[in-house]
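Structure first, commentary second.
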Amino acid sequence: MTTSHILGFPRVGAKRELKFAQERYWRKELAEQDLLDLAKALREKNWKHQAAANADFVAVGDFTFYDHILDLQVATGAIPARFGFDSQNLTLDQYFQLARGNKDQFAIEMTKWFDTNYHYLVPEFQKSTAFKANPAHYVNQIREAKALGLNFKPVIVGPLTFLWLGKEKGEAFNRFDLLNQLVPVYVEILNALVAEGAEWIQIDEPALALDLPAEWVEAYKSVYTELSKVNAKLLLATYFGSVAEHAELLKALPVAGLHLDLVRAPEQLAAFEDYSKVLSAGVIEGRNIWRANLNKVLDVLEPLKAKLGERLWIAPSCSLLHTPFDLEVEVQLKEKNTALYSWLSFTLQKVEELNVLKQALNNGRASVQAALDASQVAADARATSKEIHRPEVAERLANLPKGADQRKSPFAERIVKQNAWLNLPLLPTTNIGSFPQTTEIRHARASFKKGELSLADYEAAMKKEIEYVVRRQEELDLDVLVHGEAERNDMVEYFGELLDGFAFTKFGWVQSYGSRCVKPPVIYGDVTRPEPMTVRWSQYAQSLTNRVMKGMLTGPVTILQWSFVRNDIPRSTVCKQIGVALSDEVLDLEAAGIKVIQIDEPAIREGLPLKRADWDAYLQWAGEAFRLSSMGVQDDTQIHTHMCYSEFNDILPAIAALDADVITIETSRSDMELLTAFADFKYPNDIGPGVYDIHSPRVPTATEVEHLLRKALNVIPKERLWVNPDCGLKTRGWTETIDQLKVMVDVTKKLRAELA
């Protein structure tokens, strides 16, 4: 019989119960025990959903209060020494301080989990790091699953991926040298799981889909030789890309099974068809929301079943952390667009799709014929829908003039024209875009969407908020102002609602980091902009002040990366469609007198393929799509872009090729680490490295901000340096926002006087 299993499940709950409970706990409105009880109830629900879908094991250990890599830092005793906490006796408050910072320490750095929109907390390894096992996180969840009478499979990220994802801190050394100390701690943790009755243990090694150095790849042999001495069967899970280049190594490892992502890399199956142990086929897309064509999947699985017999397992391609919880609650979407609804599949539907595949493999297709027929009808309808394909969009792309994505003049000429009218001081200050989204703003938006607030009253509320934001910025003496984005629920969703080819869910939330969830738009058809989206808000904000007002758009690559994207045409084509649609908005802003326009691209690095060999092709089309979004603007219009969570030292030429007049970047959490590359690569345009971390409520000291600004001045000419926070301020409160910005402006004025 074929075994089915799940690699991981969403943590936040069907209605974001965990998020709201966490935030109440942080505000001291919820007792710790109440938070613990809610989390336990969520885990039980998750496991029961998996069991109801006939999964042979439920995944345990994947649930986390903030991040699974932070949990692993605690479990291995590798929490940052600078906090002074005891990992063996860590309180829940201390756990959250690691993630969010406290008055004495900034938060652990956060970055993208491979090429997804989930963020993990980056382990800080020191030469003196002393690992110590604390398996309580996993053991406690196993005990809960056992109490419910469930078959369970613990899930833990493997030692090589864990080390790879970290960074060296302090005295220079290679974190790879810590491996021999880390492995015995893993053995101790695994033994604790075995003592609780674990028969199979899933060890995730997604780093195998990267370009790992030879010594790291070679280390898999010795590491898994040690881990395999544990009295349990190990399932080595890979995902997010192909591991075919390591096929011989993986086939020889002393593990009991191997999981392959056959959605991202279906071609890799050929390299493993002679695998002699359990082969877990990841055939249901774990990162997107499209319904599978189950007949096509069975066409792949049935020959595999004939070869492998009971050694064939089936699963989603990766953890379902990246998909929304349940399609069935999307009643409005079903009423509005029945066809689109029929093409979608969320977490609960995916586990059911897996169950249909399992039944078909074990009992024949006829046993699930109705489900297979429904899957086929949906696939056929999607392939031929006129709602998806709009000939005029393809025509416009095909007929773009040569050089449409290039500015009229080089930066050196443009900046002279821009400076002539901008008349800004040295080290100009600005904000990235958003200001705090207060309860009042959210209430007004929700009331308007429900029809409880008229359009006139809603717009009056937004204008009042915009005026408040403008006045606060004037009081702080900022140089280039923003309107604060009060009218925007989300930097991608807002634009998606106003572009054709997009659809929206009501409950399609996925975790971004900690308690932060996002609700990605669904790009299902060709993209156009039917009417202006932001012009009247920016125009109104500009009417309130004599200072320069910056227009704010989200760029094509970020809209693509932070959406659930159609999978029937290349992503590059979708991205260029968005870029061309945005160019209409940019020209309308310019015509309305908004001549500083920011096109945010925080996700540009996240889109990089995991294998370096594929980078150039991506960077070429991503850069073209970005430049298309401002095609046709005049030289004296200043185009800004913003990037965050990014380590892009290795793609600086591509960033420069975007040819934005000003780039602002997130750098404070990594102590301006990004700027080391500027010593070698003379970035040609203006740049604003973030001088404080907006992900934490902590107000930076003047000394800290000055330290970062001076580091920036060492590598960026003062004439080309801007001063700004790391990112937008949407998630912050007003009190800390004012205090943080005041420190930033005061330090800037001090340095201006010094440099004058």
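Residue positions begin at 1 at the first shown residue.
Glycine too: its Cβ is placed from the backbone N, Cα and C atoms.
Since the structure is predicted, the reported quantities are computational estimates derived from the model, not experimental observations.
Residues or ranges marked as 5-methyltetrahydropteroyltri-L-glutamate binding site in Swiss-Prot: R16, E17, L18, K19, K112, R516, C517, W562, E606. Taking Cβ-Cβ distances under 8 Å and a sequence separation of 6 or more, the neighbours of L18 (5-methyltetrahydropteroyltri-L-glutamate binding site) in its chain are R11, V12, L38, A39, L42, F65, S515.
Under 8 Å, Cβ to Cβ, and six or more positions away along its own chain, D600 (L-homocysteine binding site) finds I432, G433, M491, M552, L553, T554, G555, T558, T641, H642. For the recorded site, D600 (L-homocysteine binding site), the DSSP three-state label reads strand. Swiss-Prot lists I432, G433, S434, E485, D600 with the feature L-homocysteine binding site, giving sequence analysis as the kind of evidence.
What Swiss-Prot records for I432, G433, S434, E485, D600 is L-methionine binding site. The DSSP secondary structure for G433 (L-homocysteine binding site) is coil.
Annotated Zn(2+) binding site per Swiss-Prot: H642, C644, E666, C727, in sequence order.
According to Swiss-Prot, the active site, proton donor annotation covers H695, on the basis of sequence analysis. All protein chains considered, the CB of H695 (active site, proton donor) has 25 other CB atoms within 10 Å.
Comparing H695 (active site, proton donor) with C727 (Zn(2+) binding site), their Cα atoms are 8 Å apart once rounded. With the fewest other C-beta atoms within 10 Å around its C-beta, C644 stands out among the binding-site residues C644, C727. For C727 (Zn(2+) binding site), the nearest of the binding-site residues R16, S434, C517, E606 in terms of C-alpha separation is S434. If you take the Cα of S434 (L-homocysteine binding site) and the Cα of R16 (5-methyltetrahydropteroyltri-L-glutamate binding site), they are about 23 angstrom apart, rounded to a whole number. Counting every protein chain shown, the number of other Cβ atoms lying within 10 Å of the Cβ of H642 (Zn(2+) binding site) is 28. Cβ proximity to the L-homocysteine site centre (mean Cβ of I432, G433, S434, E485, D600, cutoff 8 Å) flags the following additional same-chain residues: N431, V482, M491, M552, Q598, H642, C727, G728, K730.
DSSP assigns E666 (Zn(2+) binding site) to coil in the three-state reduction, outside any helix or strand. Residue with the densest Cβ environment among the binding-site residues I432, C517: I432, by other Cβ atoms within 10 Å.
In the three-state DSSP scheme, L18 (5-methyltetrahydropteroyltri-L-glutamate binding site) falls into the helix class.
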